[in-house]
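Chemist: Here's the feature list from TrEMBL:
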type     : residues : note
TRANSMEM : 12-34    : transmembrane segment
TRANSMEM : 46-64    : transmembrane segment
TRANSMEM : 70-92    : transmembrane segment
TRANSMEM : 104-124  : transmembrane segment
TRANSMEM : 130-151  : transmembrane segment
TRANSMEM : 163-185  : transmembrane segment
TRANSMEM : 191-212  : transmembrane segment
Amino acid sequence: MAFSADHWGFAFGVLGNIVSFIVFLSPLPTFYTIYKKKTAEGYQSIPYVVALFSSMLWIYYAFLKTNTTLLITINSFGVFIETIYVGFYLFYAPKKSRVQTIKMLLLFVVGGFGAIILVTQFLFKGAVRGQVVGWICLVFSLCVFVAPLGIVRKVIKTKSVEYMPLLLSVFLTLSAVMWFFYGLLLKDINIAAPNVLGFIFGILQMVLYVIYRKKEKAILKEQKLPEIQKPAMVVVDENTNNKKFPELTQEQIIDIVRLGLMVCSEKVHVASCPHGTTCEAKVENTSKEQTVDA
């Protein structure tokens, strides 16, 4: 039995749900690193705030369209997990980053999403409302894919891939492919179009990771100090040829002699004058008595 476009669309939608589920979980290593460091310094919250806002928009769009159950399921999970990520980031972020994240939440999630619902509900009706929300979703889906460009800029500037999660780049690329075909088969340009750009940015991030990962390894190899190997000097006992003893260097012998002299001088001082100043007083009194007798 031949599969129709709807069947293929459903199949790619299910695959898109599976891959997107992995995409939402891919930042877990990043947040585990933040947990170990006990600080989110050096990491950005922009991708997670924008992803949260985008998931909320797609849920709203899906309720305005038909045959979009797969959009509701995955984006509901997206709202849940991205909320956890943002909360975790706020807990470990420095004060400045925490304030910026709260401002973005108020701007996008509270103000932006609230304004979109009010405007579309009161100014547009029927199919037009769905089209308007669809175009808004398209724009902000592009923002989701563009948001990691801040991390790309940081990688190019620092020549380090420490803050670029490779798993996120890989699965974003796969997700873009699945959702592109899902939107194409459903003839929904609002779903298909942004995933073209998502695929391009995903490939760009993976290429940069490979390039700067190799450079980072080369730099670390150059900076590694060579180990200084000193020739081993041994003394062979004539009576027992099987036993070999390491010979001390000249510097070690000098240090041992100095240490011995210091220990001996301390012992002589303690033995001659066990009572400190009392001995000195006795010596002075003896010298005076000898002077009077004279």
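Placed from the backbone N, Cα and C atoms, the Cβ positions cover glycine too.
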Chemist: Is it the case that the transmembrane segment (70-92) and the transmembrane segment (12-34) touch, counting contact as three or more CB pairs under 8 Å in which the residues of each pair are 6 or more positions apart?
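Modeler: Answer yes, regions in contact.
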Chemist: If I count Cβ-Cβ pairs under 8 A between the transmembrane segment (46-64) and each of 12-34, 104-124, 130-151, 163-185, 191-212, which range comes out on top?
Modeler: 130-151
Chemist: Under a criterion of three or more Cβ pairs within a distance under 8 Å and sequence separation of at least 6, are the transmembrane segment (130-151) and the transmembrane segment (191-212) in contact?
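Modeler: These two stretches do touch.
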